[in-house]
Amino acid sequence: MVNKNSPKTIDRIILGVDPGTNVMGYGLIAIKGTQLTLIQFGVIHLSKYTDHAIKLSKIFERISLLIEEYHPDEMAIEAPFFGSNVQSMLKLGRAQGVAIAAAISKQVPIFEYAPKKIKQSVTGSGNASKEQVAAMLSKILFFQEIPKLLDATDALGVAVCHYFQKGDVKKSKGGWNNFIKENPDKVKTVPAKISKKKTD
């Protein structure tokens, strides 16, 4: 597992966050040149807490712990989408705000991306499904088992989106087809399996 406390073998670490009030996803990737390496990804379970204030405190606590453990250089977070349920949107916005506050308290730069932008960056289509995003990420980051809760892969998608938006990889109008053609060593076909294991 990559760790910023180990000898300098990476350029930077990106923490991706998919905010939520019942399940919050997180994913960490390491960057070395143009090579992406998966560090860790998972979810923070919040549905067992009925008090919204407690949920927010748990989000702050867990994001802070992730930053302390992995020392990310940047945090990328998905922007809340606009829905018809005002109360749900308000709660989601609070969850995002608390995650951002945790990063600010640790002096980690924050970057925000819209859901469609993330899907476009990862798959080439802004209308891709969560399953399509997860499948593409499994090829980019070389993991075979896709977690049952796709909030984890959504968070990885935010981190990978940020990597591309920072200009680390030059992309032409060909999008992903062009990237795969120019970087065959970074993408290989790996059968993706849906894991039934409980995510911590």
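Glycine residues also receive a Cβ, built from the backbone N, Cα and C atoms like all the rest.
In Swiss-Prot this protein carries:
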BINDING   Asp18, Asp151  Mg(2+) 1 binding site
ACT_SITE  Asp18  active site
BINDING   Glu78  Mg(2+) 2 binding site
ACT_SITE  Glu78  active site
ACT_SITE  Asp151  active site
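In this structure, the CA atom of the residue listed as 'Mg(2+) 2 binding site' is 6 Å away from the CA atom of Asp18 (Mg(2+) 1 binding site).
In this structure, Asp151 (Mg(2+) 1 binding site) is part of a helix by DSSP. On its own chain, Asp18 (Mg(2+) 1 binding site) has Met24, Gly25, Tyr26, Ile77, Glu78, Asp151, Ala152, Asp154, Ala155, Gly157, Val158 as residues at least 6 apart in sequence with a Cβ closer than 8 Å to its own Cβ. All protein chains shown were included, and the count of other CB atoms within 10 Å of the CB of Asp151 (Mg(2+) 1 binding site) stands at 25.
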